[in-house]
């Protein structure tokens, strides 16, 4: 989880349970505990809720599956989604509610705590789902400098390890049986009691305050409560100086001034707005039947306009038939089948045509697609033929010439066909699914979130989401396929179940009893037929028992389900089971969306959504769309005749009153509210300023003088200091909107902005029921006597003097109309709903506007005071609201250049000079009962449409690269792709510089090649070990392989030994793991060996140990016979030409100096680089060496099978001149070849398209090998399934290629003289600071203990070995004093060693990477804080010391360091350290990398 969920630990004592539990609850009200069993360790599906469920508030509807596997507030949405856990601010008595909420969720009773205690309690911090990693860091930023900095640092540093938490929890009272917690010393207990005494005091001592001060404090705190900031009831232990807490931001505040500063912060404002928005969405009631009908009509229009119909399906079938005729000659045994939306009808008319080729088993997928590509290119029926063979599903893309539809042809895509077959059957049996999915997909298309290549979701995912929703409804419309009715079913065994096919409207499932299988992940492998059990489940319910739910209602419920109810961050969308599946059970990372394909259950099909901004954008669109469809929206009827609705706009000195002729029904004004629109004198107005007005009672009065007046309940104060004043009175009758059009004022350089606040208050007096059917569902009447104060403040109306700004104004008009319409729509809801949602109506998510508001003064006066409320309440206008359809009349393509029609609207003057000021402080609405015939009863008045701006509010998805995770570009344009690096041309190679390169290459061979004596010593070690092992393993034979025998070995390189047993040609019938463990036990008896370590989890089990006398590290593997033949092959190549050895040694020196030559640490092995050198020499023109595996004397290539692979190669090197015609033709010097190698791999060779393979001369494509997902592909010459570059990450690949590119520059640009800081040629050419640009090799995949990849620190074999040794030392048979003395002595040695190392590092100005990480925490100023910090710091010091002791060197056998840091290793003769790194600057830089 990283920074998004830092654990919080609770201190415990022996006498009482949780210390400061109240304090813990107040300081972290969003935390919850997950109770797990010991077996699960957080990844089992048997997770239980540790807290009681919260009841859903009465205002909510629909089921809430978020309460599935987690506690009420354990998900990231709980704090922002009151539907899930209703917070305190939802009720008026929020003090008591908050207290009850905390006590229910976190305290509970003793029985409830004891009921759920199968394992450790893991705290989960409830986070907003919109929070990213950066926002989580910002959540504590305000505390810096407030007296809590040191505590917060300690909190982040010391309490972030889950393992340490488990160890602490092991000592809790509920786990006393497992481990007894030692009693605290008396001094510590005394200090704790003193601390508790200090913290138990009042947060603010009111007894010392005067009456005036106390009154001021109460008033200030009442003001803070409105912003969700309350006084603490007790000082928190982690920040004793805090006095207040912000519930929204989960922040501690020291004083009232700091609280006011916190209120002004953008983070608090954002959280407040989000809270208001969530309140609005949560409290919206279900849509009325008339609304449902209107929503259904909107969906029907989408289906009719964009959906697939019978003629479209026939057209796609015809394309398939044409393609079959094209393939008939080249692929006679293959058949085609449609899949995707072309078959299921869950798509659009212009959707791609997906065609899959079924081919016989004798053919391979690459062969089939290459033939498909060839056929389509030669066909006249298809154009624009292209191939995308590097996609996850390789396809050939073309376009049908007649219809213009895009066709994608795949081969053997069985899972996609099964999923399509499933969805097709569901669409035929459940008719409501097709329009629901088409609407969902069209919504996604409008919002631009159905583009997986841009970080969105695959289109068919929305069909799975719709099916999942229909299964999870309170009254489900579709069944699930696996459940308790199956005898063997349980969530723990879900991985053993798989869906196989759809037959006769039923799903065929299969169960495999795999007791040894991993239940945490689903199994896709085909099980054995003998252990398989099959069954069938119907696809749909019985028609008689299905509820009749219209599509419009399902659409609104689907939006609510995913916007508010379902926990997308923690749960998996799976249509197989009814139970909710956690991500831990599938071992999928949290965050964003997880969707399981029912026929490919290992894969998260939503993993293309790989960035947080797009995820937040999807949630924004879901919430916005739900709010749009949940609120009533009316359609404007221009043909209806209504009494005139005069709108009088007065400007001084220009005043016009339009009284002649009928007024239009609706007037377009963007916003009406408390705003002042200023204009410079003499500036011509341009554009128009539109807003929707709520319908008022039909009263027509003239506006008086510019002085302060009270007219018809609209309070309009005039500003005398302004040059002009516009006062407006709006009145209309019935249910239609009054419309007024005001000329905008402004200039090219000035923008008029308006800010909206929308408190909608209701006095709950005199309410009675309405008989109108639509409004009964809302729980209140629009036509009842009620005092509803609706304050409308004009928002963001920009003056436009040029056409460039017109598009922006158009969007603001539409958005403003939408927000005002939603505000007025709430007038038909109950007063309680209005009061809870009033403050959230005009929610603005644009952060840019907030930044502008902070940077500049508002240009519009907003006069909101407490005194004005009473004045406004005295003058109310009787009114009612019947909805507005203005928004539907507008669209994204509205032409803003259309002139304003003054004769049709209330015009407020043209060419106004001076300052135009609109100051409408309040519009009060007073509802009265009206005749029933006047109420909106016609269903046709509700109108909805699918529009992008309505769903997105002007936002767009963030473009994030899936490769580097940075914003602003896509993967195909990623600058980190090494193929996109622009290489500078190299100057011509001079003869003098070429001679220098020759000398460098030859010197590398002379310096590092082993001598004859060393080769003899290695053979002697082999013989000695073989004779020793034979005593326990008779018939054992040891053989040297690898660098010791292939001709490319270094001095002091590892000794690789292969062990075989007479009578066994292969390892079949042998228990390799047990044999390796027994071999390790035997080798421990050898007095000349140290650090024997069996590694049985590797691909080839080995025993590692250290040979004392020679100082060599030895690896013994069992039946690694292919490696023996690889050694023979490389040895044969090294004997062909001496330049082969020179280049291979130069390559090995280059890779070791750049730290890219160790496969165990995530890079390539030296064997892989040797193959790269051989491949280059084979591809050179003319070639330096032949392809030995392609040279043979007979007509057919011989076969010599070992482990199922042909290991034949031409090994008669003496006869090579007669068998290979190219022998001796290449006479290039070795230096020129070395530079040519660097240029070949940086300029010519295409790593994406081709494979490095020394077994064939012709090029081999990555698609042919089906290794398209890897970065560097190197094929083993014998084991053709082994890719030596499979372990490379993107970071390491870029690091390797950067080294090659820099090497090309260093070795390719001639120099006249060498710099003084590089005294030798080798130090100049192999300077790691130049080759790697001073960067260290990526180690993010390496273990922190041993530095190897393939495991993490907790699974490190060296760590387990240390633990076993300590357990043996602490056995009762040994004396405690001796073991204690021994351990303390070792600890002192380690401490002295690291002290000396740090001193030497400071002298050399280096920073060692492996130094101990324990750093003393900076002590706080006051004494109480020192007491708080003392104990945890010492504990973590001991922890870090223990981690350093768990490191053990393979060479010297001592603890505290690894082989790379060993002085013996660095000082060994012939090593890189002694040769190059002690020469000038290279020594310093290299030491920095190695330490």
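Any Cβ shown, glycine's included, is placed from N, Cα and C.
The Cβ of residue 1056 (Mg(2+) binding site) lies under 8 Å from the Cβ of 1040, 1041, 1042, 1043, 1044, 1115, 1117, 1123, each of these being in the same chain and 6 or more residues away along the sequence. Mapped onto three states, the DSSP output places residue 1056 (Mg(2+) binding site) in strand. Under the heading Mg(2+) binding site, Swiss-Prot lists 1054, 1056, citing similarity to another entry as support.
Summarising the annotation, Swiss-Prot assigns compositional bias 'Basic residues' to 178-187.
As annotated by Swiss-Prot, compositional bias 'Acidic residues' applies to 844-857 (among others).
Marked as compositional bias 'Acidic residues' by Swiss-Prot: 885-897 (among others).
The annotation compositional bias 'Basic and acidic residues' is assigned in Swiss-Prot to 1377-1399.
What Swiss-Prot lists as compositional bias 'Polar residues' is 1470-1481.
Applying DSSP to the domain 'PAP-associated 2' (1230-1282) sorts its residues as follows: 19 helix, 5 strand, 29 coil. What Swiss-Prot records for 1230-1282 is domain 'PAP-associated 2'.
Marked as phosphothreonine by Swiss-Prot on the basis of similarity to another entry: 64 (among others).
The feature phosphoserine is assigned by Swiss-Prot to 132 (among others), with a large-scale study or a structure entry given as support.
Annotation source Swiss-Prot lists phosphoserine at 172 (among others), citing a large-scale study or a structure entry.
The phosphoserine annotation in Swiss-Prot covers 600 (among others) and rests on similarity to another entry. In three-state terms derived from DSSP, residue 600 (phosphoserine) belongs to an extended strand segment.
Here Swiss-Prot flags 747 (among others) as phosphoserine, drawing on a large-scale study or a structure entry.
Look at Swiss-Prot and you will find 865 (among others) tagged as phosphothreonine.
Look at Swiss-Prot and you will find 891 (among others) tagged as phosphoserine, backed by a large-scale study or a structure entry.
If you look up Swiss-Prot, you'll see 165-203 (among others) marked as region 'Disordered'.
Sequence annotations record features per position, and here Swiss-Prot assigns region 'Disordered' to 740-774 (among others).
If you take the C-beta of residue 1054 (Mg(2+) binding site) and look for same-chain residues 6 or more apart in sequence within under 8 angstroms, you find 1042, 1043, 1112, 1113, 1114, 1115.
Counting same-chain residues at least six beyond the ends of the zinc finger (959-976), those with a Cβ under 8 angstroms from any Cβ of the stretch are 453-455, 608, 610-611, 613-614, 1290, 1294. Mean pLDDT for the zinc finger (959-976) in this predicted model: 80. Residue counts for the zinc finger (244-274) by DSSP state, with H, G and I taken as helix and E and B as strand, are 18 helix, 6 strand, 7 coil.
The Cβ of residue 600 (phosphoserine) has 18 neighbouring Cβ atoms from other residues within 10 Å, across all protein chains displayed.
Shown for the zinc finger (1341-1358): DSSP residue counts in helix, strand and coil, namely 5 helix, 0 strand, 13 coil.
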